[in-house]
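Enquirer: Got a structure for you, written out below as structure tokens; questions coming shortly.
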């Protein structure tokens, strides 16, 4: 059973923050941030703007892109996020209600920055098995709610955003292969210590406060990200019988320009074949890949028939990749603020 992409959309908060704006909180400047990361701007959610709001707007944009009159044709909603509105319940049921999708199957998954790739593999399985006929997958995160403004190693890197795709049983195959993996031995490389069953709300207030921020071991993450994303891409190319020379574009997780540049060179691709959005949006975690796809589909860089490799690395640690053949059907990708 073929899996077809029929809708695509993304959303961003309205509050754009430049590197100069970041320097108001930190002892840093535009040159320091740009040189080390490639990031110049990012969008931050405003007070009262949550993951569900961005996910809703991305889902709405995806629905609008396919001119779907009957929203209830969607039977499953997966939201990939590591910043849900609440620790419980899941954010997806709330988003499904906001979108008017009815009492459908709706749930969250958390693979941090690899969340969208994990979600895509799961969505593919739902459709191929016949469990779902039309499914919406949203990657959405509001990382600014978990960042320490005094931490120069993390605060400048992240932006908030969401991206959504709609998949269905179709007459053309758009998902050629998927692969995911994990290794819990390295759970402390990318983590938030508090918020789960390891911590107690009745504990020391100071300890709870300082341990509730996102932490990342940057140097080790850099090396492992390159290694595992390289391996992931090799796996999905083999699974789909795709030669690296057949790749039109690669869309890595938008974490750091140096990582993307290194990965591009490892597969002998041109710089122009690596699609990047991190300069304007920063690292939007689970949203970074669908957001980037939406931007480049909207400006017609991505065209029908193009073979695109997506790959990501995130907390867990987790990693994954997929080979996508861009659909022949015409839909208008939308990005909403």
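Residue numbering: from 1, along the chain as shown.
Using N, Cα and C of the backbone, Cβ positions are placed for all residues, glycine too.
Residues or ranges marked as active site by TrEMBL: 113, 253, 283. Residues annotated as domain 'Beta-ketoacyl-[acyl-carrier-protein] synthase III N-terminal' in TrEMBL: 107-184. What TrEMBL records for 238-326 is domain 'Beta-ketoacyl-[acyl-carrier-protein] synthase III C-terminal'. TrEMBL lists 254-258 with the feature region 'ACP-binding'.
So that I understand the layout, could you describe where these features sit and how close they are to other parts?
Expert: The number of other CB atoms found within 10 A of the CB of residue 113 (active site), across every protein chain shown, is 32.
Less than 8 angstroms from the CB of residue 253 (active site) sit 113, 114, 225, 229, 283, 288, 289, 311, 312, 313, 314, each of them six or more residues away in the same chain.
In the three-state DSSP scheme, residue 283 (active site) falls into the strand class.
Restricting the average to the domain 'Beta-ketoacyl-[acyl-carrier-protein] synthase III C-terminal' (238-326) gives a pLDDT of 98.
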